[in-house]
Amino acid sequence: MDQSSRYANLNLKEKDLIAGGRHVLCAYIVKPKAGFGDFLQTAAHFAAESSTGTNVEVSTTDDFTRGVDALVYEIDESKELMKIAYPVELFDRNVIDGRAMIASFLTLTIGNNQGMGDVEYAKMYDFYVPPAYLKLFDGPSTTIKDLWRVLGRPVVDGGFIVGTIIKPKLGLRPQPFANACFDFWLGGDFIKNDEPQGNQVFAPFKETVRAVNEAMRRAQDATGQAKLFSFNITADDHYEMLARGEYILETFGENADHIAFLVDGYVAGPAAVTTARRAFPKQYLHYHRAGHGAVTSPQSKRGYTAFVLSKMARLQGASGIHTGTMGFGKMEGEAADRAMAFMITEDSADGPYFHQEWLGMNPTTPIISGGMNALRMPGFFTNLGHSNLIMTAGGGAFGHLDGGAAGAKSLRQAEQCWKLGADPVQFAKEHHEFARAFESFSHDADKLFPGWRGQLGLAA
């Protein structure tokens, strides 16, 4: 059935929709399936299925219903581009406080339309949230400024937080795990649980929490510097998340503000993120996106992009989210990921299709991880343009020939090298841990800095 007469209006202008302030706008790349309708017909069916319609006309539709139809307002078949305007009235709101929810946004904009028989593929690349609706989202309650404050740094441009993920990600018992934490903290700032770590039979949660607490206290005494840890509290059960969080805060006592809470936001979903955001508003909310590649990967033509995921995370209240390495690490990514970092940190930013004003909503910190080491960092910082972020290097720290503490120091020295605008090989001559990173990650060194061995006086 051709629904374009109802669910499409190509005379609508985007600037007028934005000025009106009552529509969420979404941009998709879409391809109709062969043998069905043309591009506009498929787009209109997509809008119908995403809002007030179905595959047939129904007798219960009235004039009010038609007033909240989602409308296709722009198409470009040559680019497979479709833009849809969703009236904000369509989206569910909390009974308890009238706040907005990402679960409803996803259900409409990327829900049943992903399984439509006449759509070969459809993927969301950007979305725009109008001011009145944006204000209904929680947004972050804490930011990187809170971590800088704990670390004793300036709360403006406090700089690089040197972090790690204890490796191996699974298989360490509580005390060896805590020992690795202590080792890294002798040179670094921040440690996170890897996303599967929790309450395994060989590493009971409470025993691990107590051991890490002791390691943090010893490291702080040894260095005279504050240390940070991000504990995974992800669970299927809301009450399990609360129990984990409360036990951690009770155990760490006066060091509670040194603790972030990690939530596997993609696999556990918006409900888990919001549980952590609302139950523990004083803690830094660390959004891990494990599993997101199933829909965000450039190889996937369905779902939504990592850019969209990160923008949703800011709305939900993530203090920080993993944003990839812009092609500098081992995970999928590209230099264009820079736009993602700007979208979640700035108060006014351009996405692939829409400009977004955040109206003072707290920023979300980019958390960089996945195959990074000290040699890759100067180029990464140059591409991003600043170093106000958290990086969690697992192999990049513990793969250092001299151990985790030296690995952490090499990462910090990499930032110093970039800030000075120094040549990395020349800088290495006067910074031992950074120099040893060349030997530790020689494959990267050969690729990034040909001839480094001779310059550092090492045999080829």
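Note that Cβ sites are derived from N, Cα and C of the backbone, with glycine treated the same way.
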Task: Site-mate of Asn112, Lys169, Arg289, His322 for substrate in Swiss-Prot, selected among Ser59, Ser78, Ser141, Ser369 - done: Ser369
Open item on the list: Within 10 Å of Glu195 (Mg(2+) binding site) (Cα to Cα), which of the recorded positions Lys167, Lys169, His288, Arg289, Ser369 do you find?
Closed with: Lys169, His288, Arg289
Open item on the list: These are the recorded positions: Lys167, Lys169, Lys192. Which one scores highest on other Cβ atoms within 10 Å?
Closed with: Lys192
Open item on the list: Tell me the Cα distance separating Lys167 (active site, proton acceptor) from Asn112 (substrate binding site), rounded to the nearest angstrom.
Closed with: 39
- [ ] Counting other Cβ atoms within 10 Å, pick out the least crowded of the binding-site residues Asn112, Ser369.
- [x] Asn112
Open item on the list: As a test of the contact definition, list every same-chain residue at least 6 positions from Asp194 (Mg(2+) binding site) whose Cβ is closer than 8 Å to its Cβ.
Closed with: Ile165, Ile166, Lys167, Lys169, Leu170, Asn232, Gly394
